[in-house]
Amino acid sequence: MMSLYQCLLAVLCCAACARAHWFHPAATAGRAAATTRVETSANYWVQDAQAAIDARLAQVESVKKARNVIMFLGDGMSVPTLAAARTLLGQRQGNTGEETKLHFETFPTIGLVKTYCVDAQIADSACTATAYLCGVKNNYGAIGVDATVRRGDCQTASNTATHVESIAEWALADGRDVGIVTTTRITHASPAGTFAKTANRTWENDGEVSQMGLNAKDCPDIAHQLVHHHPGNKFKVIFGGGKRAFLPNTEQDEKGSYGRRLDNRNLIKEWENDKVSRNVSHQYVWNREQLMSLNDDLPEYMLGLFESSHMTYHMKSDPQSEPTLAELTELAIRSLRRNEKGFFLFVEGGRIDHAHHDNLVELALDETLEMDKAVATATQLLSEDDSLIVVTADHAHVMTFNGYSNRGRDILGPSRDVDLDNVPYMTLTYANGPGFRSHVNDIRPDVTAESNYRSLDWESHVDVPLEDETHGGDDVAVFARGPRHSMFTGLYEQSQLPHLMAYAACIGPGRHACVSAAHLPTAHFFIALFALFTPILLK
Ligand SMILES: *[C@@H]1O[C@H](CO)[C@@H](O)[C@H](O)[C@H]1NC(C)=O
Ligand SMILES: *[C@@H]1O[C@H](CO)[C@@H](O)[C@H](O)[C@H]1NC(C)=O
Ligand SMILES: [Zn+2]
């Protein structure tokens, strides 16, 4: 029963609502029609919140099997990177910026993951790749092996009992197809997490292994594993950079760069020969034009290696010669979705990390926006009903979004504030890295007076001088859309991610969201058994 007090409260509230026009149809229509935001009106924010509640209530989560799973990995894409990137995006569009949303920031579920590794408080891309692709935390620098393997311990890693399977293997075992796409070398730590088992992430070619006095038979290099071992040799799409790990050091690639292999093997030819011997259609490409020409008649297997090392930063690349991450993603999806059982695709925006390491903040933000475009492409091509898309990062960085700047201030420019010596500072700065400037008479130099601070090669200023800016130990965000997306909410270990994806996709050895028809007879058997014994147990 409603008390008189509650009743009174309800009446008062309704009166207040009416006065604020919360539910006034005209007010709602007016807002929908308006193109400018009226942030000075309290009503604007109230309506914004009410619309968000309505959107949440209207949401229907698909409980269908996730036939397709795409994992987007922004290497080093920390939470401050997201806030700064969305602001840059908005400012590029002529707005104040802060209010902008990246495409994947509209996904219905967001979580946080803890990125530490078994022997490391602050992670690298190798142990984190093992966590978010194989579902097991391990040691810094090692990929696809458990934590009994310390970095560089070839002998322990040569024991297959230390190897852990990736979600790519779980997908293949279920008859689905697999692809990997990255802007880094394809043998780099993150993509290698889908296929490689190695004690040392830098063993990308055989020379790195043999120079340490180790036998390549015990510790095969990462490029070799991709071409000749399960599961890499079954990947239908392989797009990225890193050609040098595939070619002999005596041989030049199409652009004149020498390979790095000491065993005189050409793994690109060996990849082609393997597909010929299996009589499957295949194509190797090394530039954008060749890649785009595949669109008309997609071969079953595609290997695209577009640079000797990493692909060029988007803002510095020649769009005619190098494809964008969105273009690579689109072609990968068009290829993989031909499998009716579905696919697993790993897409990495890998150079966010590199730009941060060099304190090149605009490039880090732009690479984030490039990955966001790739996510948008994927959402256009795949339905929320049967395709799970997860966007996350491997670890954070030490870029800070700091000061007390006014709304809409240039995200790449000086803060409105000055320090204790009256010296201005930038809104985006780093705790450490190569951008250190020596102090003069104990006073920090004014970097905002450097006229080239908007150039792409300008290093932001830092507190601690280091050759390379470091990773951060803070949590990274997870965005999910598609079947069972709400499973990705909360704060949890990064190693749970592939288990959650596998649950939604019903692949792998763990729990599955769907009980397949094949499992039903087993369930019936146990029910029958239970029925048979219940009378006896009750006696
Ligand atoms: C990993 O391999 C590189 C060579 O590729 C070597 O310089 C480094 O010392 C190795 N790390 C360990 C811990 O063995
Ligand atoms: C190779 O595949 C083609 C097309 O699928 C088929 O016509 C041909 O018979 C196959 N060749 C062999 C040797 O299996
Ligand atoms: Zn890094």
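Every residue, even glycine, has its Cβ placed from backbone N, Cα and C.
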Identity of the Zn(2+) 2-site residue among HIS163, HIS471, HIS485 (reference: ASP75, HIS357, ASP394, HIS395, source: TrEMBL): HIS471
Distance-selected binding-site residues near ligand 3 (C-beta under 6 Å), from SER190, GLU348, ASP394: none
Structural state of ASP394 (Zn(2+) 2 binding site), classified by DSSP into three states: coil
For ASP394 (Zn(2+) 2 binding site), the one of SER125, HIS188, SER190, GLU348, ASP353 that lies nearest, given that the recorded positions are compared by Cα: SER125
Using Cα positions only, nearest of the recorded positions to GLU348 (Mg(2+) binding site) (ASP75, SER125, HIS357, HIS395, HIS471): ASP75
Neighbours of HIS471 (Zn(2+) 2 binding site) among the binding-site residues HIS188, SER190, ASP353 (Cα to Cα, within 10 Å): ASP353
Residues flanking the Mg(2+) site, with Cβ no more than 8 Å from the Cβ centroid of ASP75, HIS188, SER190, GLU348 and excluding those residues themselves: LEU73, SER125, ALA129, THR182, THR183, THR184, ALA189, PRO191, GLY350, ASP353, ASP394
Local Cβ density at GLU348 (Mg(2+) binding site) - other Cβ atoms counted within 10 Å: 31
Residue among binding-site residues HIS188, HIS357, HIS395, HIS471 with least C-beta crowding, 10 angstrom cut-off: HIS357
